[in-house]
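> Feature list, courtesy of TrEMBL:
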- 195-229: repeat 'PPR' (REPEAT)
- 264-298: repeat 'PPR' (REPEAT)
- 299-333: repeat 'PPR' (REPEAT)
- 334-368: repeat 'PPR' (REPEAT)
- 349-515: domain 'PROP1-like PPR' (DOMAIN)
- 369-403: repeat 'PPR' (REPEAT)
- 404-438: repeat 'PPR' (REPEAT)
- 439-473: repeat 'PPR' (REPEAT)
- 474-508: repeat 'PPR' (REPEAT)
Amino acid sequence: MLSLKFQIFKLLSHTRKTMPFIFLYHPLCTMTDSTQLTESPELPSWVKFSDTQNPSNRDSDDDFVIPSLAGWVDNHKFHDHSKLVKQMLSENSETEVDKISKILKNWYPSPDNAAEALNGSGFIASYSLVEQLLKRFSNDWVPAFGVFTWAKMQTRYRHSPELYDSMVDILGKAEQFHTVWELVEEMNELGGYITLVTMSKVMRRLAKAGKYKEAIEAFRKIEMFGVSKDTASMNVLMDALVKEGSVEDAHDVFLTFKKVIPLSAHTFNVLIHGWCKARKLDHAKKAMEDMEKDGFQPDVFSYTCFIGAYCREKDFRKVDKILEEMKDKGCRPSEVTYTIVMHALGKAKRFNEALEVYEKMKRNGCVPDASIYSSLIFILGKSGRLKDARDVFEDMTKQGVSRNALTYNTLISCYCVHLQEEAAMKLLQQMEEDSCKPNLKTYGPLLKMCCQKKRMKVLYFLLDHMFRNDISPEVGTYSLLVHGLCKNGKLEHACLFFEEMVLKGMVPKDCTYKMLTEGLEGKSMTKAKEHIEKLMSRSQNNEAKEHIY
């Protein structure tokens, strides 16, 4: 049998040139200067050490940086992640966005307080300034809405419909739905501001929060805001419900409106996808039968839904059966179809079969794109063949396929799983050089690895790197940090991130709270435990008030 490495290069050698797979990422520009790096933030008294023990010595790994990365880390313009910023950046090297961000990084009890802090700053609002600030604080609704309010008060400035849509989405993400509806009413009064894009954001965020009935009600009154209650808007609602795990509600919408709103192939595909995702394949087959009765032919998306369902069950015989059925009906599998099968075989550790799918794909005239290469990298990384995974990564550009964030994220994740710290960090550095902008999924594995290896200096560097790339931590990021730091004995820092999460208006998961408090109790950190309990109580009370409202 050929070695896996030889098989890979045999397969790649036949790959034709193709146009790069397109993703919506913007070039990254990293500003560097000689500003000295601030170390991990100073810990407040309530969290510093055990009530009954002396503070332990700092872990030797805390400030360690691999020598080959030291220059990059130390030269990065770094903000102390806590409120106590020890080393401020020089005025002549900061952009307006950086200067305003510095003001906004002080936590404010309300958006009005944040807006008031900006009122006397002397800055003048512009579309591009507000747009970038909203992007940078997209997971932190108080400063984001503070910026939005501050800009709106300026006499020569008016928000565009797109910025209103962005603000609606940020508020919806934070589950501030009473403010969402106030903003929608305001947009309605302005005339012509509300579109299907606006209402899509409202319905999707309601569904994401588990407010399925409210999402359906938003659709019912959509015409009040000048948006048509038609096939497109109904499909958006059904898709939102399906993606958030409520295919039953999506089906009820389908039954309620099918006689008054024309259906489309996409309507049925949404239901097929939902039933397959819920592993109710009999319902999915019935939806496909109804699709044909209504005069629509199942397409590659329809069949791929079933393939994805069988892949999740690791029933590859039925996957092959679906592929044969597609062939008989003249429905050619897409890159997405093949990627799903390859990925599933890789997860099942059936590596050679996954590579055979790649060969089959090429024989069927399907040209590999970035997602296919990412699956190859995943498969090789899963098998522990990191050198082969890196070779595939390097070969992409030779085959005319541009690397994107998905490609980088996949290989970074592979390195992080195997705790290959230097290789993972250098890939992040290479993303900058390739003008490929990282996203939230880029940083997750890196932050987790830093927690495991207790690299606190590098962890705070990564958080600042995120912020510089207009990526703000969300609940999942904070949960990862608290869990990772608790597991690795960094309870003090875990407390800081828990506090920051609550102060930003996020509600910690019960398991996160339980892990932290049990850890603090085990270390006799009574003062810190009491502080965390108060924070959790405050967070739950705020959540309860929001639901009552």
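Cβ atoms here come from the backbone N, Cα and C positions, even for glycine.
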> Looking only at the repeat 'PPR' (334-368), what is the mean pLDDT?
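The answer is 88, the mean pLDDT of the model over that range.
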> Other than its close neighbours in sequence, what residues sit by the repeat 'PPR' (195-229), given a CB gap under 8 Å and a spacing of at least six beyond its ends?
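For the repeat 'PPR' (195-229), the list is 161, 164-165, 168-169, 172-173, 175, 177, 180, 184, 187-188, 236-237, 240-241, 243-244, 246, 249, 253, 261.
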> What is the number of residues in the repeat 'PPR' (369-403) that are helix, strand and coil, as DSSP sees it?
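Per-class counts: 26 helix, 0 strand, 9 coil.
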> In the repeat 'PPR' (334-368), how many residues does DSSP call helix, how many strand, and how many coil?
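The repeat 'PPR' (334-368) comes out at 26 helix, 0 strand, 9 coil.
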